[in-house]
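A short write-up of the structure that comes next.
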């Protein structure tokens with residue numbers, strides 16, 4: 001596609017979610033890449049200016065670099081569709097489903113995709129029954145947050161209440177999830193094609209917000225070092241997990257590989273990070289796709305699915 005055919009592009013960044021800081025980093029990295037490629041691209045932060053200004057300012061399409069609520073949950077996608085403005089990533093329904101880990105897990109279970117067992121929690125939950133079912137340790141997290149915000153690993157039953165309260169500060173839907181010990185992996189999908197798997201090794205604790213975006217000790221291996229047969233099997237399952245939610249364009253599917261070689265899928269991200277610590281650019285690089293090329297490919301897909 002000719003660069004001129006992309007028209008005037010708004011890079012949506014920042015936003016109102018708890019992931020605003022990361023979205024600003026992703027958005028500015030995307031903006032710089034587009035401008036290096038001679039795309040007429042401009043930053044647009046929905047905080048402080050209404051989305052309808054996109055039409056008033058003559059934008060032709062949007063690159064969504066928003067993360068979390070109001071940007072990755074179908075809200076912005078719906079507004080852009082009402083304005084008939086093409087955008088990157090998945091549509092309204094797939095975005096909303098992927099943002100909701102509870103409904104994602106229900107769909108994956110119905111489709112035969114392995115995901116850790118779970119229990120939905122509320123203020124009246126019997127935590128003893130939860131630990132009897134899921135065992136310890138377990139994970140407690142908000143159903144509709146990203147970047148592991150509000151997530152805690154619970155090693156002892158007496159810590160269940162405080163972990164629940166932390167998660168409930170971020171969302172009315174809270175999940176207690178079976179903890180799977182194993183290798184943390186992520187599978188990036190670009191234009192319905194799985195990219196090389198990324199293996200994540202955290203030296204201490206969980207792969208949480210700090211480890212994802214700020215730690216210099218988190219180790220990433222791409223390609224993952226797994227056998228070709230196992231890699232292909234995981235990539236195929238990740239692509240199926242992406243498709244069954246209705247995702248289009250690009251996404252990132254996170255999983256744990258247990259000691260028996262069984263992948264357990266955790267979540268799908270329809271607007272993955274694009275910072276210097278981010279995993280999709282890392283996977284693309286291993287596939288021979290530079291960051292600038294990746295950004296252009298994602299943007300071009302907004303034309304295909306428009």
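Just so you know, glycine gets a Cβ as well, placed from its N, Cα and C.
Listed in Swiss-Prot for this protein:
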type	residues	note
BINDING	131-186	ATP binding site
BINDING	254, 267	Mg(2+) 1 binding site
BINDING	267, 269	Mg(2+) 2 binding site
DOMAIN	105-300	domain 'ATP-grasp'
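Annotated features taken from Swiss-Prot, shown on the structure.
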| residue | record | DSSP (3 states) |
| --- | --- | --- |
| 131 | ATP binding site | helix |
| 138 | ATP binding site | strand |
| 145 | ATP binding site | coil |
| 152 | ATP binding site | strand |
| 159 | ATP binding site | helix |
| 166 | ATP binding site | helix |
| 180 | ATP binding site | coil |
| 254 | Mg(2+) 1 binding site | strand |
| 267 | Mg(2+) 1 binding site | strand |
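Taking each Cβ in turn and tallying the other Cβ atoms within 10 Å, the top scorer among the binding-site residues 131, 152, 166, 269 is 269. Nearest neighbour of residue 173 (ATP binding site) by Cα distance, taken over the binding-site residues 254, 267, 269: 267. Summary: among the binding-site residues (145, 159, 254, 267), the fewest other C-beta atoms within 10 A of the C-beta are counted at 159. Annotation for residue 180 (ATP binding site): same-chain Cβ neighbours under 8 Å, separated by at least 6 residues, are 116, 256, 258, 264. Rounded to a whole value, the Cα-Cα separation of residue 138 (ATP binding site) and residue 267 (Mg(2+) 1 binding site) is 16 Å. Burial estimate for the binding-site residues (138, 173): highest at 138, by number of other CB atoms within 10 Å. The domain 'ATP-grasp' (105-300) scores a mean pLDDT of 94 in the predicted structure. Taking the C-alpha positions, the distance from residue 131 (ATP binding site) to residue 269 (Mg(2+) 2 binding site) comes to 28 Å. Classification of residue 173 (ATP binding site) by DSSP places it in coil, neither helical nor stranded. A gap of 16 Å separates the Cα atoms of residue 152 (ATP binding site) and residue 267 (Mg(2+) 1 binding site).
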